[in-house]
Amino acid sequence: MTRVGAAEVDEWLSERGSMIRRQAVAVLFGDRVGLTLFLGVVVVLAALWRVGFFITDTYAIANTLVNLADGRLHIARIEYSLTLGSQPGLYEHGGQVFGRNYGQAALALPFYWLLEGTAALAELRLVLAGGWSLLVAAFASQLGQVLDRPRVTLAGTLGALGLFVGNVALSTPLDPRWNGLLALQLLSLVAAGVVAVAVYRLLSEYHGQRVGVAGGLLAALALPIAFWATMPKRHVMSAALIAIVVFGFARSRNAARPLPSRALSYAAVGVLAWLHAAEALVVLVVLVPFDLATARRNGIRELGVLGVVFALSLVPFGLTNYLITGSPFTAPRMLSNLGGLAELSPGGDIVVDGGGEPTQPTTPDPTPPGEPASPGETSPPDGASGPGDPGTGLWSQITSALGGVIGLGATGINGAIGVLDSLVGAVVFGIEAAAARIGELWGYVAEGIGIAFGDLERLGHVFLRSGRIPGVDYATNDHETVELTVLEAAPMLGTLVAIPIVLGKRGLESGGGKLRGRLTAIRSTPRYQTDLFAGTLVAAFTLLYLPRLPLYSQITVRYLVPIMPVAVYGVMRLPAVRRSLTTNVREFIDAYVGATVVGIVGVIAVFVAIDPAIGEAMQFHALLNLIAAGIAAAVVVLDTIDGPDLPVATAIGTAGGAATTLYVLAGIEYITYGQFALPVAEWLSTLIPVF
């Protein structure tokens, strides 16, 4: 028998570990480039991380998380509060107080426990600084391997070490009571990285790594994703999940084994429902018909797997709703708003004072009317004696036993029928509830259609130019004009005006007959199928929220942020854009980095000279971004009409750099809430003499 040495065991373990790491990278990030992109996005956005509350709704979500960590769904302790009363996002039911966004809070729990554990071993700010420095070193290592430049790895590792030393030297204590908020912010940071990876993999599926990297970079750093990444509202998480839905759809049209990718899309919708049911329902209503109409196969096996996966993904959503409201289809958001009924005790506990006795939660009767109290018990048949009755013959014993078996069988059948009846009733009720909800959402969509075709001024204030918008309450932001439009917040989306020109040019070049053939070919062309799905999803989502826009405290039209990464997919699918990025990706990167650096330095120099207010600064960026959007749109349109001779990659990179300039300066200077998580960022902020 051969004796295995320690060296062979170590080699086997090393090979096994390498294989597991490669498989994990392939599943989660696609490849090493995707991992590098994820790390880079998280590193950059974490450098702008502030510890504090920017919007008051976040108090309720953070308190929901803390109480979940204590093992309860209701909120009995207020850890974070702006005032000594109620706060937005709290709801009352059965004499108890509940929060909102339970899906977001539950998904942040692992980060909360990690912070609690590490904070017990080291000072919290040093933990954050050390973790960020490790991410910087990991990013440098992966980037060096992607570029095949070991010096990049060495320089990045030394830089990470220097940054950690600087953070330690400048560090001040951070109270561990912030762990609840920090956990939500960490989750949102990871979600921003997921947005970049999902868009990268989506575009790489059709157009290769260069277009994928450009799209992923812009989706995370040149959209409002960058602004909201450390402000733990739901929008960045919604964007990540919707991007996963679209990626799963695209992958399933193109993969050799489409079923896992189709299941991924439905699972992401289920998680989105846990986060925000209305948004999930809109995505589902668009996904189902497109998926069933364009899938290669819709057999019993495929539909069964999709149904099971979707049902399982809805379990957290339905269970949370049932435990709080008593119905799996009634979310906490649908409960009565707490309003001013809450009071805080000296210890931070919350009590509901509604001026009377609180309503106690009711417990449903487990026994439906007309059903036996003990269905497992049966009465002995008439005329039959018990088995121990003296004088009983063999035949009597046999018939008695048979009667018992038949009785047990009948009871089992009745029980199964009862369970089946309950399941059918639940399904029917769920369908009815979903249909009612769809009808309600359709009312918003129909109103949005009316606005889209009948109120151009309102559309202009949502998508084109902000300034001081009529009807918007600026008092919330001290009357500062900080509310931007879609193009002011995401200038590269202006290139989407080229879509009608692209379609018209194709129609003229192909002729009517071939055009009909092209429409028929959509059934078997993955790219066109994904284009139609993504376009319909963007339109439906936009129409859903259009009746509520423009609105105060949106800053970057945040209600539409979840769909913006999908719109970036549309930008990258323009022939002029993808052709230029494929051949001139270096020019894109140079333009993006150059526009960002020059933009930051130039804007700081201008603001030092003119000393603007916050609203004036935001409107200055709005005008710059509109100029960048106009130039990029003009270049793409002209290139589409005349041919591939214009610097499209440079124009796209410049527009992206203009947007990133806004978000970097907003994070460092304009939106000054709380304290920086990293002491080096705090020190850098003090060196910029703007505000």
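Easy rule for this one: first residue shown is 1, then count along the chain.
Just so you know, glycine gets a Cβ as well, placed from its N, Cα and C.
Remote same-chain residues near the transmembrane segment (24-49) are listed as 132, 135-136, 138-139, 142-143, 145-146, 185, 189-190, 192-194, 196-197, 200-201, 204, 209, 212-213, 216-217, 220-221, 226, 229-230, 663-664, 667-668, 676-678, 681 (criterion: CB distance under 8 Å, separation of at least six residues from the stretch ends). Under the heading transmembrane segment, TrEMBL lists 24-49 (among others).
Sequence annotations record features per position, and here TrEMBL assigns transmembrane segment to 119-140 (among others). Counting same-chain residues at least six beyond the ends of the transmembrane segment (119-140), those with a Cβ under 8 angstroms from any Cβ of the stretch are 36, 39-40, 42-43, 46-47, 152-153, 155-157, 159-161, 163-164, 167-168, 171-176, 178-179, 182, 677-679.
Feature annotation from TrEMBL assigns transmembrane segment to 152-170 (among others).
According to TrEMBL, the transmembrane segment annotation covers 182-203 (among others). Sequence-remote contacts of a segment are chain residues at least 6 beyond its ends whose Cβ falls under 8 Å from one of its Cβ atoms, and for the transmembrane segment (182-203) they are 28-30, 33-34, 37-39, 41-42, 45-46, 49, 51, 58, 61-62, 65, 104-105, 107-109, 111-112, 115, 124, 128, 211-217, 219-221, 225-226, 228-233, 236-237, 239-240, 243-244, 246-247, 250-251, 530, 565, 568-569, 572, 677.
Annotation source TrEMBL lists transmembrane segment at 210-229 (among others). Within the same chain, residues 33-34, 37, 41, 44-45, 48, 188-189, 191-193, 195-204, 235-236, 239, 243, 489-490, 492, 555-558, 561, 564-565, 568-569, 571-572, 578, 581-582, 585, 588, 592, 652, 655-657, 659-660, 663, 666-667 sit at least 6 positions outside the transmembrane segment (210-229) and bring their C-beta atoms closer than 8 Å to a C-beta of that stretch.
Tertiary proximity for the transmembrane segment (235-252) is limited to same-chain residues at least six positions away from its ends with a CB under 8 Å from its CB atoms, namely 104, 107, 187-188, 191-192, 194-195, 198-199, 201-202, 205-206, 219, 224-225, 228-229, 258-259, 261-265, 268-269, 271-272, 275-276, 279, 283, 287, 290-291, 295, 526, 529-530, 533-534, 537, 541, 558-559, 561-566, 569. The transmembrane segment annotation in TrEMBL covers 235-252 (among others).
The list of residues near the transmembrane segment (264-288) in space but at least 6 beyond its ends in sequence, with Cβ under 8 angstroms from a Cβ of it, reads 101-104, 106, 234, 237-238, 241-242, 244-249, 251-252, 306, 309-310, 312-314, 316-317, 320, 331, 333, 434, 437-438, 441, 533, 536-537, 540-541, 544, 562. Look at TrEMBL and you will find 264-288 (among others) tagged as transmembrane segment.
Counting residues 6+ beyond its ends, the transmembrane segment (303-324) has Cβ neighbours under 8 Å at 73-74, 93, 98, 102-103, 106, 259, 262-263, 266-271, 273-274, 277, 330-332, 335 in the same chain. For 303-324 (among others), the entry in TrEMBL reads transmembrane segment.
Among the features that TrEMBL reports, region 'Disordered' is placed at 349-393.
Residues annotated as compositional bias 'Pro residues' in TrEMBL: 361-372.
Under the heading compositional bias 'Low complexity', TrEMBL lists 373-384.
As annotated by TrEMBL, transmembrane segment applies to 528-547 (among others). Sequence-distant contacts of the transmembrane segment (528-547) (same chain, six or more residues past either end, CB-CB distance under 8 Å): 202, 206, 242, 246, 249-250, 253, 278-279, 282-283, 285-287, 290, 294, 441, 444-445, 447-449, 451-452, 462, 518, 521-522, 559-560, 562-563, 566-567, 569-570, 573.
Under the heading transmembrane segment, TrEMBL lists 559-576 (among others).
Within its own chain, the transmembrane segment (622-641) has Cβ neighbours under 8 Å at 464-466, 484-485, 487-489, 491-495, 497-498, 501-502, 505, 574-577, 580, 595, 599, 603, 647-648, 651-652, 654-655, 658-659, 661-662, counting only residues six or more beyond its boundaries. Feature annotation from TrEMBL assigns transmembrane segment to 622-641 (among others).
Among the features that TrEMBL reports, transmembrane segment is placed at 648-668 (among others).
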